[in-house]
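Take a look at the structure below.
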Amino acid sequence: MSHSLRIIFAGTPDFAARHLEALLASDHQIVGVFTQPDRPSGRGNKLTPSPVKALALQHDLPVFQPASLRPEENQRLVASLQADVMVVVAYGLILPQAVLDMPRLGCVNVHGSLLPRWRGAAPIQRALWAGDSETGVTIMQMDAGLDTGDMLLKLSCLITQDDTSATLYDKLSALGPQGLLTTLAQLADGRAQAQQQDDALACYAEKLSKEEARLDWQLPAEQLARCVRAFNPWPVSFFMLEGQPVKVWGANVLHQESDAQPGTIVGADKQGIAVATAQGILLLTQLQPAGKKSMAARDLLNSRKESFLAGTLLD
């Protein structure tokens, strides 16, 4: 039977909230929750609490929202909570060395990749876009570097041909809490075994930009299909047609070659809109014209068939 730990939890988005839920259901004591300041959101730009803050308040947990942990008064606040360990999941703020050293068992992070592959901000999307066959979560002891700390536990899952960032996010949201609770039990009992990362195997998952989501027809169809899956649900792949962006939510690869210029529509029917690429044909199956909802290609063709005639060049 492992011992109960005094835990500070630091996290912000829904992915982090799912880990907080698991801790709330455990025997551990959460002595404080740190999350980013409320941000403007929605059409009215109303200040909105993070998913972690909303969950913490539901459970009457003390919530702290500093803009930085560098000021000494904020570091004194962390120290005053006398935590055994600080659990950090997608918090979004840098932890100074003084904070990393405060808890008796240090600071533990849940990262959405099999480290040292895909250190950085967008590991789920980059793994999909690169065509990786598996990914997972790594529980690590934090140090001052970017996802460079010693690894305490790794759990993996397969990436299927149908996975998007949304579905992979859900898979890792289930794996992460499981791995976290196992690691905390090992830390509490002194059974945790840390393994150093091999820096030679490291690669970095840079933050996504909307510009990257524009489909480049000079790439092979296989790579473009991965791009569509990686950028679903954000920022969503797109192309330009008649001066307007058309988002692509779903696409498949047709293993056929075409002599047409990449970006040229070579066919359109109820199955989808077929576009020539540098190698193979990309079949667009789910699209969203500007100002409209996402729809199946056949529904778009019913209303705008003249825009998707064979020979039309997409930008």
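Numbers here mean position along the shown chain, with the first residue as 1.
Using N, Cα and C of the backbone, Cβ positions are placed for all residues, glycine too.
For SER113, LEU114, LEU115, PRO116, the entry in Swiss-Prot reads (6S)-5,6,7,8-tetrahydrofolate binding site, with the evidence type sequence analysis. In the structure as shown, the Cβ atom of LEU114 ((6S)-5,6,7,8-tetrahydrofolate binding site) sits within 10 Å of 21 other Cβ atoms.
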(6S)-5,6,7,8-tetrahydrofolate site, defined by SER113, LEU114, LEU115, PRO116: further same-chain residues with Cβ within 8 Å of the Cβ centre: HIS111, ARG117, TRP118, ARG119, PRO123, GLY136, THR138, ASP147, MET151, LYS154, GLN197, ALA202
Cβ neighbour count within 10 Å of PRO116 ((6S)-5,6,7,8-tetrahydrofolate binding site): 20
Per DSSP, three-state class assigned to LEU114 ((6S)-5,6,7,8-tetrahydrofolate binding site): coil
Neighbour tally for LEU115 ((6S)-5,6,7,8-tetrahydrofolate binding site), based on other Cβ positions within 10 Å of its Cβ: 26
